[in-house]
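> Per TrEMBL, the features are:
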- 36-86: domain 'Pirin N-terminal' (DOMAIN)
- 68, 70, 136, 138: Fe cation binding site (BINDING)
- 107-153: domain 'Pirin N-terminal' (DOMAIN)
- 206-310: domain 'Pirin C-terminal' (DOMAIN)
Ligand code: FJE
Ligand code: FE
C-alpha cells in the first residue's frame, strides 16, 4: 500500500509556509499570582482565527487560577515536562543529601461545578469543551512550579452552546514516535503515521516536536488552515533554511502553503509546538472568558452567569475546595 503524506517522516511539500510575523511572549501576571507568557490573545494579536489565546503558564502554590467561568470555546491544557530543571533539581538534592531526594509532582488540579475533578501531570493533556458553560478552578497540585501551555480554541456558532465535555489523556497515552532525529507527540490531528484520539469540534492540529541537532522536518498542514509555531526550548530555523534561528518563547505566524519545514542547525535539541486550525470566519464578541458572536449574546451570557441560568445553574451553590476557607 502506498504511504500517504501523513505517514512518511519527511513528505515533499509543494509550497512550504514562511514565517510572516514573529512575536516574543514576555511574562505577565494573570489569575492570582500566576505568570503567563501570552502570545495570541494579547493586544497586538487579539485573535488568530480560530485561536483566542495561547499562554505558556508557570504557577507555584499558592498562586493559580481559582473559580472562574467559561462559555463558547475550548481550553486545551498541556503540561510540559521541565527536564532540564528536573535534572538540576535532582543533582542538587544528591549533592545535599541522598536521603532528601523527593520528587515534586508538577501538576495542576482542576475541579468544576459538576463535580468533575482531576490532576494533570507533566506530559498530560486536558481538552475541555466549555460549550454553554463551565465554572472551574485550576490550581497547582503540590510544591514546585507547574508549567504548561493553555490554548483557547473558538467554537462555531453552532457549537457554542453544546454540553460541556472533557477529553483527558495521560502523557503515556499520547501518541508519540521518533524517526530521523525527529520526535513527535500528537496532541491533535495526525503526524508521522500517528493519529490523536482527541475529537476537535473546530478542526485543529496540535503537534509537539523535538528535533535533534541536524534534523530536518517537513510537516504537512492543510492549506486552508491558519497555523503557527510556539517555541519552547533550544533554537530552530523555521520556514526558510537561510533565515536566522529562533530561540524559546516566540510565536511564529505562518503564511500560506501546504506545510512547514524546520531545521535544527544548533548543537542542542529544539522543541516547539505546531498548531493549526480551520478558520471559522465568524464575528467574535469577547468578554474575558465568555466568547460569543454578538454583543447581545455576551449580554445574555453575563445574565446567565449572574442569575445561574442556561448552563450556569450549578454555579449557585458551588465553591472549589481551593476556595473553601477564603469565603467570607
Ligand atoms: C481566565 C484570566 C485568567 N491562562 N493558563 C482571566 F488567567 C484565566 C485563566 C487562565 C489560565 C489557566 C491555566 Cl491552568 C493556564 C491560563 C489563563 O484561567 F480564564 C480568565 N478569564
Ligand atoms: Fe479556566
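All residue numbers here begin at 1 and follow the chain in the order shown.
Cβ coordinates come from backbone N, Cα and C, glycine included.
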> So of 68, 70, 136, which of the binding-site residues has the fewest other Cβ atoms within 10 Å around its own Cβ?
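If we count Cβ atoms within 10 Å for the binding-site residues 68, 70, 136, the smallest count is at 68.
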> For the recorded Fe cation site, enumerate neighbouring residues of the same chain (Cβ within 8 Å of the Cβ centroid of 68, 70, 136, 138, site residues themselves excluded), in sequence order.
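Result: 65, 67, 69, 75, 110, 112, 134, 135, 137, 289.
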> At a 10 Å cut-off from the C-beta of residue 138 (Fe cation binding site), count the other C-beta atoms across all protein chains.
28
> I'd like the per-state residue tally for the domain 'Pirin N-terminal' (107-153) from DSSP, helix first, then strand, then coil.
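Reading the DSSP string over the domain 'Pirin N-terminal' (107-153) gives 0 helix, 32 strand, 15 coil.
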> Restricting to the domain 'Pirin C-terminal' (206-310), report the mean pLDDT as a whole number.
98
